[in-house]
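Notes for the one structure printed next.
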């Protein structure tokens, strides 16, 4: 037993030695593994530090079913852990949780994956500890995902470090890892992603084909091409013109046709006149047609930015293609297609801007683009500024929502507010002013519209009034012969003639029977008056000119009849609440003349106290009654030769009481028959045309553009806003002189009526949801409710902002004024169609699922009907096909559509 015990003991000793050797081997292998892990960890950390990463992050790549790790696990720092535990509405990388996930497991959106990473890490550590304490056993390998590029580089660096450590050369490990990190850093990181949206390109091609088909047909002047063509011709010859809308659209077309060789010599005489062979008709209509083609993909993009599904966005673009009114309006030299494109793209960029991170490159680009596009919309037509107002509403609403975000500091909120002011107020103002700067720099010659502007503005232009006033005296003195012009509003000059007021008017009121004083709209010899000091008897300029100053009292003597300007307490003929103004005739009765007028210079802060020709704006106040000489705006009857009435109003502060001297000369007469030479002083004579600053020109032109729109006359095809939604009245654009072929502005009836119904459906659903949610009944998900509100803020409010203001506009309106509102109505229709599909899918389950199929089938049939109506009315959009009278009659679906037949025979 003892020997056996000794043997057993010897065996035990041998076994013990073997175990000790195994432990030593295990210890050495463990130390090697720790060194390898340390080397690999240092390599990866060094690589991350080289790339500028502050915290080590865990990246993953998602697959179709499960997500798998694509990089080795690294220990997280406390800052990383705190970042993980702080929720944020966006990913750590600033992307959206739905579309642009940062694919980072440190992001709070990937918390389930992070849990799986932690559990896998714990399992690996436990398996490593068990392998070190127990006899190693062979275990099957777990399936791992295919390695990414970063994994391959890290595994290669790890293998190199392991080979180094196994050979005992651990120092070289750092050299290899540094070289690998430098190689990875030196590798180019710039990538370009090219993606093509087939829906967008398909819509563009469809719109392009319909807009550019026979673009030069008809080769005649169509509707407002008469006016816009004249303006473009004036741009070619640098001649000043007046238009009630900003000039950007006309500038773009003028720039293009100048490149095409147009010289501006063609005279746009009347609608229907044939273009000359040298007029590039195609290039005249190119930019409107191109903008009309781009409108379809722009609407598609806007609907995508509003979070509609792709099929609904494509439906919106297709409806733009299939609407006849948008087709017609974009094929000729008209401004609406440019206006609609700029407004649509501006709102789309705004919606994307609101989702970008503050200060990022995308944030800056989208915000700047939105500001420029919305400003361009307003610089094409003033209605475009309503889109800018809509943008302001959306920005204010978004800022209001940001106030509830506790994660934003006060500084960040101020940055949000100030940046929006800069992008959506500063940029539009700069663009708008820049457009008019180009306008004034280009149009520096006098033209046919000069008389609308003030004398100072006219004198600043080459030719015209400048050629008359360039050598005339500057200061108004005793003995000056002047013409007094009504400065603001209607252009006319203070005028008198030998005719007198009737003894009694039609309303049985009596008059003074004195000589008439009127305001005449044309140059005439009876517009001349002589300035006279009351205490002097002569009417000549002395050797030392007696300059009239602010506050001086004068008399105005009519140059032809030699009678002085008078007023008294007698009611004016057309404005009884004001005093009559006349030239005094001495009938040898007790009523003496009241001939004294006080000169008040209104802009003396800039022009001085001396009365100057052209630039000084004066008010003439009657000394006896305190009433100011005023243009009343009323027209006299036949006894007054239909000239305009001039009165004296005790309410002195009024724009119509402002006058200025336009033509002026000094004369000295020895007797009343002969005029002597003019007495001119060099220091008082302008040597060149009057200088007017850019800001003075801009302010005056803006004022005139605002007032001029009120004087437009009615048109036989004008319409009222309440007639637009159901298209009660269209517009005849052009009629062929040889047949009944014509161009008539009408929309696609099916689209217009369905879109009007969509407005009512949305308003009804909004009221229904609001009441139900007040009762804590939630018929739609929170996500769908937010989309519903967003569509209302963008499309419903946009429609109302572009439509309701026309009810308060006192001017001639046409159907094409409704097109900006119609586009927003069409956008809202697309959302309503998608929302109804959502409601059916949500609430119709089981046997009711067939209702979804029925709805979609009905939608498809409706779309086919829209295409059929579009094709049916194409002859009225193109005007290229000759139609018989019967064919025209068949297209008259409403009695209010006034189509035109040959020989100007209208359908009644």
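Think of each number as a place in line: the chain as shown, counted from 1.
The backbone N, Cα and C atoms fix where each Cβ goes, glycine too.
Annotated region 'Disordered' per Swiss-Prot: 1-85, 115-160, in sequence order. Summarising the annotation, Swiss-Prot assigns transmembrane segment to 190-210, 279-299, 311-328, 331-351, 370-390, 418-438, 749-769, 788-808, 813-833, 857-877. The N-linked glycosylation site annotation in Swiss-Prot covers 265 and rests on sequence analysis. According to Swiss-Prot, the feature domain 'MIR 2' maps to 545-602.
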The transmembrane segment (857-877) versus listed stretches 279-299, 311-328, 331-351, 749-769: most Cβ pairs under 8 Å: 311-328
Positions whose Cβ lies under 8 angstroms from the transmembrane segment (311-328), at least six residues beyond its ends: 199-200, 203, 206-207, 210-211, 292, 295-297, 299-304, 337, 340, 733, 743, 745-748, 751, 815-816, 819, 822-823, 826-827, 829-831, 833-834, 863, 866-867, 870, 873-874, 876-877
Number of helical, extended and coil residues in the domain 'MIR 2' (545-602), per DSSP: 0 helix, 26 strand, 32 coil
Residues of the parent chain within Cβ reach of the transmembrane segment (813-833), under 8 Å, 6 or more residues beyond its termini: 299, 302-303, 306, 308, 312-313, 315-316, 319-320, 323, 325-326, 329, 334, 336, 339-340, 343-344, 383-384, 386-387, 715, 717-721, 724-725, 727, 729-731, 745, 747, 751-752, 754-756, 758-759, 761-762, 765, 787, 791, 794-796, 798-799, 802-803, 806, 859
Residue numbers, six or more beyond the limits of the transmembrane segment (749-769), whose CB comes under 8 Å of its CB atoms: 319, 322-323, 725-727, 779-780, 785, 788, 791-792, 796, 799, 822, 825-826, 828-829, 831-833, 835-836, 862, 865-866, 869, 893
Other parts of the chain folded back onto the transmembrane segment (788-808), taken as Cβ under 8 Å at six or more residues beyond its ends: 306-307, 347, 351, 383, 386-387, 389-390, 393-394, 397, 721, 724, 759, 762-763, 765-766, 769, 780, 817-818, 820-821, 824-825, 827-828, 831, 835
DSSP three-state assignment (helix, strand or coil) for residue 265 (N-linked glycosylation site): coil
Reported mean pLDDT - the domain 'MIR 2' (545-602): 89
